[in-house]
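What follows is one structure encoded as structure tokens, with my remarks underneath.
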Amino acid sequence: MLPTTSVNSRSQGNGALSPRDAARHTAGAKRYKYLRRLFHFRQMDFEFALWQMLYLFTSPQRVYRNFHYRKQTKDQWARDDPAFLVLLSIWLCVSTVGFGFVLDMGFLETIKLLLWVVFIDCVGVGLLIATLMWFVSNKYLVKQQNRDYDVEWGYAFDVHLNAFYPLLVILHFIQLFFINYVIISDSVVGYFVGNTLWLIAIGYYIYVTFLGYSALPFLKNTAVLLYPFALLIVLYLISLACGWNFTKMLCSFYKYRVK
């Protein structure tokens, strides 16, 4: 098992953190450092962020292995480099413009859609999910003998961003090539292709989220995070039997929101 650092282990001879170390490791200090780097593009490692985006599709375990290294070297699980967030924001903008084009939206409608996708679909939902997972993991999944460890809220949000990226690419990019010609047609093939893409996208989200929390050595029973797979498959089969077209409903919802 890779070594980790607890609050109690980084101490002086009297068992307490020095004032300088304590100040440096507070959540506020980490947040300030992260936001400060957000305005200094030369300090961001975009090449490494692109590497993470690639491996979130092909081998997400390697991405979370890097989080172990960050904990060893910088004593935090969460990212300290906002490059991934910047690139994800660019992906959101490009894919949303493409969605607006496919749905034949005007300029103002596309801007409204972009604001909705960024601040509601990604950030708003992400804040809720990250907060829920942060609470649940610290409340129920931390091993009893490791109460000195806890899941950082920033790490929980990073896990959401990691899981959201493949979902975004599948539903907001790959799906665009099939919407007008296949998916929204009133046919079995249409809702089969669309709903299958939803199954893959949400399945990716669940799996990458599971990997994120199972990578923390002080958590237990993280396999419960895979249980939603059963509900997802049942819902997928019901949708095919009933002829529900999730993509068509999403397009209708987006058009309604931008009116």
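Quick reminder: no glycine exception, Cβ is built from N, Cα and C everywhere.
Annotations in TrEMBL come from automatic prediction, not curation.
Per TrEMBL, the feature compositional bias 'Polar residues' maps to 1-15. The region 'Disordered' annotation in TrEMBL covers 1-24. The feature transmembrane segment is assigned by TrEMBL to 83-102, 114-136, 163-184, 196-219, 225-247.
Long-range neighbours of the transmembrane segment (114-136) within the same chain, counting only residues 6 or more positions beyond its ends whose Cβ lies under 8 Å from a Cβ of the stretch, are 88-89, 92-93, 96-97, 99-100, 151-153, 156-157, 159-161, 164, 168, 172, 209, 213, 254, 257-258. Note on the transmembrane segment (83-102): residues 38, 41, 44-46, 48-50, 52-53, 109-110, 113-114, 117-118, 122, 161, 164-165, 168-169, 172-173, 176, 179-180, 254 of its chain, located 6 or more positions outside it, place their CB under 8 angstroms from a CB of the stretch. Only residues 6 or more beyond the boundaries of the transmembrane segment (225-247), in the same chain, are considered here, and those with a CB under 8 A from a CB of the stretch are 175, 179, 183-184, 188, 190-192, 194-199, 202-203, 206-207, 209-210, 213-214.
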